[in-house]
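Here is what TrEMBL says about this protein:
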type	residues	note
BINDING	B:345, B:403, B:406	[4Fe-4S] cluster binding site
REGION	B:414-439	region 'Disordered'
């Protein structure tokens, strides 16, 4: 995955809560067997509404999505992350995320940033007042900055390190291959196999 | 200090623990289906990695499959299913394809084969993996990157979630089911209420549920935002498992049961969060909005957005009423539906079909009514009991097994503006078809609704 240290871009305010992954990418788009082309499906039902924020040319090229709480709830489809990334987003900011979505994001290098609800609204208002507002998401410094504001966010050290190095989890885990083999030798004898 | 059920099962599976890192957790069973796996197998091929434990992996075709006999007509769906077949053949994974007696919705077949057992860790690229927690397993949904990770390593790096107890005291009144209970729980704690937690459902009402009812409850844990849901195993669990094809046998069975009996939260264990609910006050419960937390007792009315103090919830309610084309104050019983769907990993098991059949016996449906068994084995069992004849005589459609209208990846969808009463798990905008409107209900309410054409409790008939 692509390493993430700091990113500066413009923000799109998505003033909705409970943005479930069925909205981010409807099921009809999940039939593909490749990992590409999902940007077309991003919010495809909502984008049919001309007043939907992603249809506003003022936000063309924005790379930070600032959403209401409970973003990415519901289905485990990682396609939601792929769609956001392939559309051009590097960061999603919200007060709460669905656990699976948040996990999937960090596996792919899309940074989920949790900020308090009132700060999210402040940032949304800034992006609405001036869509050209530059927002910096500094993972190294655990800080989001725009205009004269600087707000810190929390992320655990391990996930931050993986994102900053752009590390492949499978490669990391396979370094513990001996531990896995040792564990396997001690598994309970009644545990089922599928054969 | 004592430990919770979740903590006991988690600790049993830690392969490696290091300061400042997530635990590396061993995965006992990996369930695979056609939608979230193709890119994971591609990743293995690109890196030249094998599947570490094909014998702890099982695959089925469920999301895309048509529920009318015949081949898959949609070429994109067909390619996805064919890709799963090629991948399972190449990597040596047991697959139950369409038409096979073992085929069915992934979360129905695991328990049915006895592969889902207490104390296990179970994952699948599907959020409703939480279903398997009904046996006292830690079971949760993962994305495709993690599917690839489990295929390659049979482990996952993960931080242990917090623990939440949902204590359901008292007894469910007659006619009130596991589905009504879980819908009421989600309405109470909200779609983000369980976030970051493994929920343990406890209390008298939970202990009295059948295994199938427990699966319905755990299935929708994700709808409350929880990472997983669990119920401590007991005699009901052991009784359900005994004799199933992959359940332990002979001496191993006795050893297993002895261990399983230790899988309960110690009396002095402390949960991070505790929620209490009185089951005896519950009545049939339905959703009126576009997230599963937007629900209410069937006897009530569509709420007014003004009733919500939180501006974000108020805005969500306003938007939901607009999408659902509902007016505040309308009695929920006055809502007319076009389609009734009975099925899914939430309510596609034999007891669910029996509950629907009991209502439909000797009656006629006035809506399009799809009855979709969760697996081929459920279908066979239902036919042996003659339930298919009850459904057909009532004018309902008796279909083949699959996910079907729960998410409309196969031809079973709602048309724009069409309204359903559905026993599935999500009432999101467009979930059952673009522009479709979904009310989540129990199988009994679904069947009664099919008879009257309006949201109806069996007691109303």
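Just so it is clear, glycine is given a Cβ too, placed from its N, Cα and C backbone atoms.
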Report task. Starting from each candidate's C-beta and looking 10 angstroms out, tell me which of the binding-site residues B:403, B:406 has the most other C-beta atoms. Result -> B:403
Query raised in the report: Could you count the residues of the region 'Disordered' (B:414-439) that DSSP puts in helix, in strand and in coil?
Result: 0 helix, 7 strand, 19 coil
Query - Under 8 Å by Cβ from residue B:345 ([4Fe-4S] cluster binding site), same chain, sequence gap 6 or more - result: B:105, B:106, B:107, B:108, B:128, B:131, B:219, B:374, B:403, B:406, B:425
Query raised in the report: Within 8 Å of the centroid of the Cβ atoms of B:345, B:403, B:406, which other residues of that chain place their own Cβ, given that this set defines the recorded [4Fe-4S] cluster site?
Result: B:62, B:63, B:105, B:107, B:128, B:343, B:344, B:346, B:348, B:374, B:402, B:404, B:407, B:424, B:425
Query raised in the report: What does DSSP assign residue B:406 ([4Fe-4S] cluster binding site), in three states?
Result: helix
